[in-house]
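Peer 1: Sharing the record's features from TrEMBL:
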DOMAIN    7-52  domain 'RING-type'
DOMAIN    135-184  domain 'B box-type'
DOMAIN    195-237  domain 'B box-type'
DOMAIN    322-380  domain 'COS'
DOMAIN    385-479  domain 'Fibronectin type-III'
DOMAIN    461-645  domain 'B30.2/SPRY'
């Protein structure tokens, strides 16, 4: 039923839903976003659908193109997370209209604006009850088997944990100590019973007491006294409530019978699909025909399953509506709901419940190739492959990359379909798959520096998965060796000296990143100033891989840098300049960068001496060495350095 409770604009559960004239619903906040202001003198958009109740393929399934969204093109637009185009809210309601995101029907707003639309109280109550039931049975999201009830939720990670998984995967120490752990959201009991009685949209002091059959809407006594419904067929609210409930129940019985037929039909289709699969195993000729039959039945199963799921969700929603003890709220939506159920029943016509492939399909099969294949079969018992042997003489480490090679050793050759290579996390934690395939050699890049990894490999075939090899320990380089990355550099950057020396063709600052990426450990590197003319401001530091490359390092929120001239320096992040320090650089100077991801800090050095205080703190994530410069500067990268002893 959850799809029935989601707004077509934002894709989330409805919040304060209102009923549009076409009987579709949107959140009140979303309605403000799809208001379109019509230029003075122009006619507001007209209806774009032939029926107010065209639910067959529009409900919850609409997709819109960029060129024909149905919203007009008077104002700039954005896209919501649900893919629906939305517009900035209009400031006034005069000359404004709102377009339904499902059926594209447009209606002009009156002076009352969105307050003129009725609030769908029943839908709001059902959403609230659904949220309560879901919160009452939240399960741990990290349990491998048979998840147990969650005891906490991390507000930052948005993950539910049971007590053992929280201790194992989210301990309250290190970087995770700052995360806020909350109990699972408690059920908000009594929400439905606490709802106040509904009042008339036009007369907020009056309760609904009658029902206008002509307008298909609840009304109050004051509506009748003002003569709005004087010549209409008006009946008591309670009597119409009972009548419409009976009509909805009868309609549900009809569509329920169709849903049962659809379930039986799905079983028939699946049996037919299995029959085609068995036939395909024994057919050598005519494979193209059987593949076509197989795909036809498979597509019909997918289509029927989708329709059945939609129908079941609609039926569950209708049952929840019937449970509600709110006569006026029920009558607000009952007419549209009854028509929708009847239309849904018409979908399951006889032709929709008949297979598109005749169960007694016949093929002319040439059995000669099959018999020849049978005579050539070697009926040996299939076994799982043995544990592979890691070939240590071919395994090697380079910087933070590991290359491993292995082979199968057995007297009787057993078929091997592939191998699975696994590494732990560098802290003797859980293993994870890093390669699955047929090759017997693999190189793994991007490991942490100064770390030890455990590696193992296993083989598999159609009989199953074999045993693991012996574990080999891989030790990455203690210090980082790397060069500048030409693939991520700005096009004005000029690299030489095997990508260790950099300058620029432009008078504007351009950014180049290093090849290494750091997320843990302590790392130090230097840049030697080879050329420094006309007192420019090169910047040195670290950045995310997607930092801007056409401006000085540190001007966006994805870089942390120190920019320096011949007299002084500043620290900069997100265009915020701090901690001016005296002392600059000249030709021959060295600038050192110390990235300590144990303490989560970044510190700078000039000519081996710490320059200013610790520049940045609370650094989390993945960082890459970075430099920005113009054509007046040339620097050379020096890596593989140990951390300055004065800091250790």
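Cβ coordinates come from backbone N, Cα and C, glycine included.
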Peer 1: So what pLDDT does the domain 'B30.2/SPRY' (461-645) average out to?
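Peer 2: That region's mean pLDDT is 93.
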Peer 1: Do you know the DSSP helix, strand and coil residue counts for the domain 'B box-type' (135-184)?
Peer 2: 14 helix, 10 strand, 26 coil
Peer 1: Based on DSSP, tally up the residues of the domain 'Fibronectin type-III' (385-479) by helix, strand and coil.
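Peer 2: Tallied per class, the domain 'Fibronectin type-III' (385-479) gives 0 helix, 47 strand, 48 coil.
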Peer 1: With helix taken as DSSP H, G or I, strand as E or B and everything else coil, how many residues of the domain 'B box-type' (195-237) land in each class?
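Peer 2: Computed counts for the domain 'B box-type' (195-237) are 6 helix, 11 strand, 26 coil.
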